[in-house]
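Chemist: So Swiss-Prot lists the following for this protein:
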BINDING   45, 194  substrate binding site
BINDING   121, 167  ATP binding site
């Protein structure tokens with residue numbers, strides 16, 4: 001896996017304009033839709049249990065995000081996820097805040113038990129709690145703590161039979177056998193709500209067009225991080241509001257050549 005072939009996946013996304021079905025949270029819906037549109041994907045936000053199975057069946061990817069968790073959304077996620085599995089549509093899961101409350105943790109463990117996942121994406125604390133490993137968490141945005149992030153990612157990939165993505169200062173992508181670190185991004189991403197949730201949906205767009213899900217995830221993370229770096233270089237002195245707008249611009253403007261030039265990945269296994 002080299003930077004040139006990784007960089008070409010973004011071109012494939014823009015050529016294919018994949019439909020990404022998001023069952024996401026109320027905080028990030030608008031930002032997620034605009035981010036996917038800027039990238040070149042086609043977002044749809046369909047939540048009603050009466051239509052989610054049908055919508056998921058025709059999507060390029062299904063993204064399940066439990067940020068603002070309610071029983072109605074859990075039911076919709078299960079219906080959509082099982083339909084996606086039946087129709088060979090890749091499912092991505094963002095277990096937002098797993099470990100913060102008993103209900104949230106229960107749902108975060110139940111969904112992977114019921115639905116086959118192509119990718120699970122979260123911070124270290126969230127992924128650790130999904131697989132019942134101890135890790136500190138406070139609220140839904142905690143990701144720091146003590147532990148080996150690569151080992152947690154590999155364990156999650158093995159136990160859930162999926163590609164595990166753990167994001168933080170360094171991002172980890174693994175299927176349990178291949179493990180890659182991505183070192184792109186900028187700290188100001190943490191000052192804009194929804195950047196992690198949007199990232200999961202962006203990975204969904206890449207997974208929709210690249211069936212090697214490790215490669216797709218690495219490409220998405222590298223693209224996202226490079227776009228953030230470029231946006232920050234133009235706006236960081238102005239603050240997160242200016243960054244958010246410029247970041248959407250860079251999701252549209254960052255090219256495969258930019259990824260080749262600025263991408264920072266390391267294959268560690």
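Even glycines carry a Cβ here, placed using N, Cα and C.
Note that this is a predicted model, so its numbers are computed, not measured.
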Chemist: Rounded to the nearest Å, what's the C-alpha distance separating residue 194 (substrate binding site) and residue 167 (ATP binding site)? Just drop the number here, would you?
Modeler: 14
Chemist: Using a Cβ cut-off under 8 Å and a sequence separation of 6 or more, which residues in the same chain sit near residue 45 (substrate binding site)?
Modeler: 22, 23, 24, 29, 32, 33
Chemist: Go through 121, 167, 194, our binding-site residues, and report the one whose Cβ sees the most other Cβ atoms within 10 Å.
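Modeler: When each Cβ's neighbours within 10 Å are tallied, 121 leads.
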Chemist: Check residue 167 (ATP binding site) against DSSP and tell me helix, strand or coil, would you?
Modeler: coil
